[in-house]
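Please read the structure below before turning to the comments.
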Amino acid sequence: MTTTDTRATGGPAPGGERPRDERLLRTSPLRKLLSRPELGSVVGALAVLVFFAVAADGFLRPSSISTVLYASSTIGIMAVPVALLMIGGEFDLSAGVMVTSSALISSMFSYQMTANIWVGAGVSLLVTLAVGAFNGFMLTRTKLPSFIVTLGTFLMLTGMNLGFTKLIDGTVSTKSIGDMEGFPSAHALFASTLGIGGVDLKVTVLWWLGLVALASWVLLRTRVGNWIFAVGGNEDAARAVGVPVAKTKIGLYMGVAFGAWVSGQHLLFSFDTVQSGEGVGNELIYIIAAVIGGCLITGGYGSAVGSAVGALLFGMTSKGIVFAEWNPDWFKFFLGAMLLLATLLNTWVRKRAEATK
Amino acid sequence: MTVTEERVPLVELTDVSKHYGNVRALEGVSLEVHAGEITCVLGDNGAGKSTLIKTIAGLHQHDGGTLRIEGEETRLASPRDALDRGIATVYQDLAVVSLMPVWRNFFLGSEPRKGKGPFARLDTDLMRRTTREELLRMGIDLRDVDQPIGTLSGGERQCVAIARAVHFGAKVLVLDEPTAALGVKQSGVVLKYVAAARDAGLGVVLITHNPHHAHLVGDRFVLLRRGAMVGNHTRDEITLDELTKQMAGGADLDALHHELKRG
């Protein structure tokens, strides 16, 4: 094959210096863009932004933007690990109540043991990670569908949240921990507000951006990322080439648990008590954000940035309806419509990607 | 068994058997794989071909007989174990993850990295370049290594999998029905790459139910029927007709021929 010219040795020089292959039709930048998983959500987000900028007075005011970003970040922090898990081919229905569990453990441990807040937060981190590991372990060991396994965890956690809170505190909410040692520093880390350039930015927005950056790095630039795509795309093939399938999946569930811990600590330290019944239903919101952001429900495809755009869409819609002074009941309608549109678009994109030429 | 060479086979199975509960999946199968040779395993559906390759690939262990790798008796604990000993298996349908780009598939499970500690990252430039070069070396000139591997044709996908095994220093290449789902032309292309792998000095195990394909490239032929070995020949011992006849179960074919004869 010595006749095959410089193409062989040139390598994939960035910027397209490689001599063009005559069989490659000129790929328009638009077509290239179309194959990105985030595309649908970005287009949707722009449309919603323009829509509310016109329909709602003051939607683009700094204070509104900060409200929207805050709402998006609370969803986004969880949407990132949930998206990674979906790329890995699994669901976690317990993600919503796990946030509440994490907050409850933190609060109750500190209060009951009269310990420093950070001790409670540490214990909470360990327990939450253990719940995540349990999900992953049950899934990989029993080979049951993740829908069933995490539905079980979801119900058990819901019951335990209420049961233990009533048993220990006598009511459905925890005792205030606002005056306990370590509260100010924990509040600063998980629930403070920073003024940046005239916009009040909640610290959760930084957590959110940080997690998106970390997850994107892991997905695209590490071998673990390669494994996540592989176990979601074709588990048997991944196992056959030596990818540690079980470890990857357990790790993904522990990632969701870590997100739940961060969210839970935010929930706790924004106020100083936690309602034990919270969180039910949020797991679907995280999944919807991930799907709108381009994650395939069947796994193997998606991105962390997409989940962030999905969460942003969520925040814009929920707050935009308020700013436009509409009946907030319409929120769910918008959500459903967006979900359907996004899924249709994603299916179409995947068909193109998988199509045999 | 006519072992003409004195050299030690890369892989040697002697009298290997495998049972699933009370089902006899494999009984008394012997075969040897030499460097630079192609050993064909022939058999109809349910003959035990899959069980045999799963044993060689480390997906499950044999119950009886011995498995020797380069003369050393052993048991393979996992596919990873088999890979570490230089046995790479290319499966018919689960060779690749179709939504992932070609270069990510090529290195899946053995990704090269650069950097240290928490900053260790995929060496994506090296991965893309190597994929391109290795495929080119096998005569596959790919348009774009960034395209999802699902967009390649069945034959091309097989070839990527073979090139991958060769690149990772496999000494023994196990191919599970590489031509089963392919047309005549595509099959020819794949067989060409199989021969290229052989010429590169690898020992190849080619599983197939097509005696025509086997006879084109094979040096040794092991015939399986209903879990048992019914023939073990070298190339100079057997003709294509005889191979076809034995594989279809000689007498059965005669009976069928008789039954279907018109008038």
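Glycine is no exception: its Cβ is also placed from the backbone N, Cα and C atoms.
Automatic, uncurated: that is what TrEMBL annotation is.
Residues or ranges marked as region 'Disordered' by TrEMBL: A:1-21.
The transmembrane segment annotation in TrEMBL covers A:39-60 (among others).
If you look up TrEMBL, you'll see A:67-87 (among others) marked as transmembrane segment.
The transmembrane segment annotation in TrEMBL covers A:118-138 (among others).
TrEMBL lists A:144-164 (among others) with the feature transmembrane segment.
Per TrEMBL, the feature transmembrane segment maps to A:203-220 (among others). Listed as Cβ neighbours of the transmembrane segment (A:203-220) (distance under 8 Å, sequence separation of 6 or more from its ends, same chain) are residues 69-70, 72-74, 76-77, 80-81, 83-84, 87, 188-194, 228-229, 259, 262, 266, 303-305, 307-308, 311.
Same-chain residues lying 6 or more positions outside the transmembrane segment (A:284-310) and placing a CB less than 8 Å from one of its CB atoms are 36-42, 44-45, 72, 75-76, 78-80, 82-84, 86-91, 95-96, 208-209, 211-212, 215-216, 219, 229-234, 335, 338-339, 342-343, 346, 349-350, 353. Look at TrEMBL and you will find A:284-310 (among others) tagged as transmembrane segment.
Residues annotated as transmembrane segment in TrEMBL: A:330-349 (among others).
Against the transmembrane segment (A:118-138), the recorded stretches A:39-60, A:144-164, A:330-349 differ in Cβ pairs under 8 Å, and the greatest number is found for A:144-164. Most Cβ pairs under 8 Å to the transmembrane segment (A:330-349), among the stretches A:39-60, A:67-87, A:144-164, belong to A:39-60.
Counting residues 6+ beyond its ends, the transmembrane segment (A:67-87) has Cβ neighbours under 8 Å at 95, 99, 201-202, 204-205, 207-208, 211-212, 215, 218-219, 228-229, 232, 252-253, 255-256, 258-260, 262-263, 266, 282-283, 285-287, 289-291, 293, 295-297, 299-304, 306-308, 310-312, 314-316, 318-320 in the same chain.
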